[in-house]
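J.: First, the structure itself, so that you have it in front of you.
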């Protein structure tokens, strides 16, 4: 919400216009024995100065964006190659089609990171910015929904007990993610050479919709999965959602959903911050949450690799040799 600037200095005319309280002027009588009340003009000017925040993700952060993009593309491409490699043991991972789509989502996110990076030029149009935010949040929404699906269906994915998962459910999840990106796509533009969301009264409904979508998917979805897991365990109703290393993904986006909601409340004046320091802390948290979300494109392939390694290490030795290469693709194909 602003560059790292010193507080604005007021002009001499502004300094001279600092006046007494109206009540003091009303009660003031011109008498030689009376004296003017003492006023701390420096404190008044300090309070009147605008509040500026230091933006961490400015032009100097361009190497971070580029490095995250390159590493994310390389790592995700490697995971995709191993998942689709013929006769490779990762094809025995439970729900490997969902895992492949997670890698695709991470790759798409990595590709658009440079589009939204600062410091790449000052002649950006609104079209690349809108497309960048669409893919940015669309891939993140899709990954979150796929993780929720993977956790809910659990080991059933590996047994081929859900025939329509590969096509029908995947199309539905990606379609829902695309629809959820419409608000931020329509409410983003290039400003001063930077791709940024537009905050205006006319677009307040779009901003509210986007904030609610982020809060629901990045915050409420993982909390719901944890709650369902604990509730079913307490009531003895079954194992509940399938917990695994992939749930770490939500750590990278959970702060973004929370801080984005707080920022919207402040902009809408539903939540008033008492001091300039509080506003600066909120802006800092917004930058840190965005940086953490960017790091997910590098962490996601590593989480997928670790999950597949753990799953196949315990699964492959227990299968006879001919059954080791009967992947879930064959099982789903035989049922269709």
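Quick reminder: no glycine exception, Cβ is built from N, Cα and C everywhere.
When I checked Swiss-Prot for this same protein, it listed these features:
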DISULFID  51-276  disulfide bond
DISULFID  129-195  disulfide bond
CARBOHYD  16  N-linked glycosylation site
CARBOHYD  27  N-linked glycosylation site
CARBOHYD  33  N-linked glycosylation site
TOPO_DOM  1-63  topological domain 'Extracellular'
TOPO_DOM  85-95  topological domain 'Cytoplasmic'
TOPO_DOM  117-129  topological domain 'Extracellular'
TOPO_DOM  154-166  topological domain 'Cytoplasmic'
TOPO_DOM  188-207  topological domain 'Extracellular'
TOPO_DOM  229-244  topological domain 'Cytoplasmic'
TOPO_DOM  266-287  topological domain 'Extracellular'
TOPO_DOM  309-336  topological domain 'Cytoplasmic'
TRANSMEM  64-84  transmembrane segment
TRANSMEM  96-116  transmembrane segment
TRANSMEM  130-153  transmembrane segment
TRANSMEM  167-187  transmembrane segment
TRANSMEM  208-228  transmembrane segment
TRANSMEM  245-265  transmembrane segment
TRANSMEM  288-308  transmembrane segment
J.: Within this structure, do the transmembrane segment (130-153) and the transmembrane segment (208-228) have 3 or more Cβ pairs under 8 angstroms, counting pairs 6 or more apart in sequence?
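T.: As far as Cβ distances go (cut-off 8 Å, pairs 6 or more apart), the transmembrane segment (208-228) and the transmembrane segment (130-153) touch.
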J.: Measuring Cα to Cα, how many Å separate residue 129 (disulfide bond) from residue 51 (disulfide bond)?
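T.: Rounded to the nearest whole number, the Cα-Cα distance is 27 Å.
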J.: What are the non-local neighbours of residue 276 (disulfide bond), defined as same-chain residues 6+ apart in sequence with CB under 8 A from its CB?
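T.: Same-chain residues close to residue 276 (disulfide bond) (Cβ under 8 Å, separated by 6 or more) are 51.
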J.: Over the span of the topological domain 'Cytoplasmic' (229-244), count residues by DSSP class, listing helix, strand and coil in order.
T.: 7 helix, 0 strand, 9 coil
J.: What does DSSP say about residue 51 (disulfide bond): helix, strand or coil?
T.: coil
J.: Tally every other Cβ atom lying within 10 Å of the Cβ atom of residue 195 (disulfide bond).
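T.: Total other Cβ atoms inside 10 Å, all chains included: 23.
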J.: Through the lens of DSSP with three states only, how would you label residue 276 (disulfide bond)?
T.: helix
J.: Per residue, counting other C-beta atoms within 10 angstroms of the C-beta, which of the disulfide-bonded residues 51, 129 reaches the highest number?
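T.: Answer by Cβ density within 10 Å: 129.
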J.: What counts of helix, strand and coil residues does DSSP assign across the topological domain 'Cytoplasmic' (85-95)?
T.: 4 helix, 0 strand, 7 coil
J.: Give the three-state DSSP assignment (helix, strand or coil) for residue 129 (disulfide bond).
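T.: In three-state terms, residue 129 (disulfide bond) counts as helix.
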